[in-house]
Amino acid sequence: MDTKENITIEDLEIHQEEFRSKEEEKEIKKAAKELLKHEGQIDLSHIENKVISKREQILLVQSYFRTKFLRDLTAIMLAALINTIAFDYFISATGRTGLFPAGIGALARFFSVLTFPDSIASQGSFYFIYYFAINAPLFIFGYLKLGKKFTFTTILYILLQIAFDQTLQLMPFINPASFHLIVNYQLLQSISNSWNTGIWLFIFGSLGGILVGWSYSFVYKVGSSTGGLDFLTVYISKKSSKPIGTLNRNVNFVILAVVITLNTAVLPVEYINPDIKINAFTSLSDSQASGLLNDMITHAIKHGAIDVENNVIDPVFAYNMGLGDLIGNSKNIDLKEAIFEQFGGENNLAVNGSNRAYYEYLVEYVSKTGFGKDVTLPTNVLIRLKFMFIFGPSLFASIALVLCSGLITNALYPKYKVRTYLITTNNPKEINKLLLNKGFQNDIVSWDGTNRINHNYLHRSIIMVAMSVMDWDELERDVFMVDPQVKINILKTKAVKGIFNYEIKKNDDRDIIHRKVTTDDSELEKIRQIAIVKFNKENERLNKKQQRKQFKKPTKTKNNDK
């Protein structure tokens, strides 16, 4: 049996809690007044006109946002191109002992370096591929928790980087393998007498960071992300109702430090910077230094100290090793044995006060020519070298890259900073309702004002709210949908003191219940009948009120006659 037939208006019990919306109450009262005024016949033409006007406004705003979508797509493409240039020409160009980005990007670069240790071009290309692969699980998470647009635009951004990288690699003259911005860092690093590679590493880190930060600001402005930890950052920030930019930055630094430590652990000794080797070897004790002398002298002879075939010693090497008398006069002299004699002979090598200067020059010579490739260093010496490399230019230049990126991003798009928005509108109630429905939890300050446009005075309302830039980007479209004529002034907010919720927190549970009610036929029928009862009760109340007025009028007349 259909339950709807058993329900009558009289049988329904009305409770005040069943209708809490003041706007619904107002609509019922308005309809009742119209019904009473026109004796049961209501003119619906004004309602139809409002629906038509609203539809026109929606189409107008949709056209506007279609144009904005093209601008957003262009911004994502530009961001991807800038980021690709930053990585191919500044970050990947520094090789396996150079720069590493922050966060998951550091892992992607580490894997690309492991896969192609001697190919700079392949390291750059496979960085983007590995970055996409690492992000694959986060794409699913983002789709489920953060929405389609946020996830799809992030995927598009990463895919465009892969496309731009492959395009640059195939282009003649300007491909990263043959064209170098500012200097050829790898060539500079290979020059034995070059001492300024560390300085150039910081320059590349700063310039790369500026480009990366510029790229990220474009991505954030369109309401998207760069992937990686951004998925977790945005989600946790929304759930915890507070900005976690500091936490995100600290986690990025931890990942960066771990990745550089792992890279150092697998890094061959010959790739370690010459200045680090010199610092480590000259600080060894006499016994430790003596144990390495044989390997150092052998390495020096193999790498140009002596022309073995012609038995000619390098003049500069001979002069600094105290063998100046052998320059040009070494026909019948064993030059190799002469070098060993400077340290007490091949079987009795030692470093003492008289030959300390020779040892220091020998250390400098072998460090610049790649000492360590064919040598098994003692464990304590190897640990010292690796430890000093971890806290060397690679780590701090990478930190400079991250800091420059963050500074530029915050300057161009203050993602977690609060802004104050002054909204001038003709529909203050609708915008207030929108903000509350979207989960805005802070103060909504409203006042009426007079706006002068073209010598005309218009009465408009002003709404003032404070929220993060990221949250406003999510609300902006809806505000324009409510009132296409709205005007918004954005003010920089130095600080907010007192109780303030930094994130919008929408009542998802209420939305679930609302969907269940609006899709349940029995619930809808009950609501309809309750509305009819309330409508009739309001009618009865108005009729009684009107009857009382008519009853009081004759009484007043009689009193006046008296």
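Note: Cβ is positioned from N, Cα and C throughout, glycine not excepted.
In TrEMBL, annotation is done automatically, which means it is predicted and not curated.
As recorded in TrEMBL:
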COILED    12-41  coiled coil
TRANSMEM  73-91  transmembrane segment
TRANSMEM  128-144  transmembrane segment
TRANSMEM  156-179  transmembrane segment
TRANSMEM  199-219  transmembrane segment
TRANSMEM  251-269  transmembrane segment
TRANSMEM  387-413  transmembrane segment
REGION    539-562  region 'Disordered'
COMPBIAS  544-556  compositional bias 'Basic residues'
Interface-richest range of 156-179, 251-269, 387-413 toward the transmembrane segment (199-219), CB pairs under 8 Å:
387-413
State the non-local partners of the transmembrane segment (387-413) in its own chain: residues 6+ outside its ends, Cβ under 8 Å from one of its Cβ atoms.
91, 97-102, 106, 197-198, 201-202, 204-206, 208-210, 212-214, 216-217, 220-221, 249, 252-253, 256-257, 260-261, 263-264, 267, 272-273, 276, 279-280, 469
Could you tell me the mean pLDDT the prediction assigns to the coiled coil (12-41)?
51
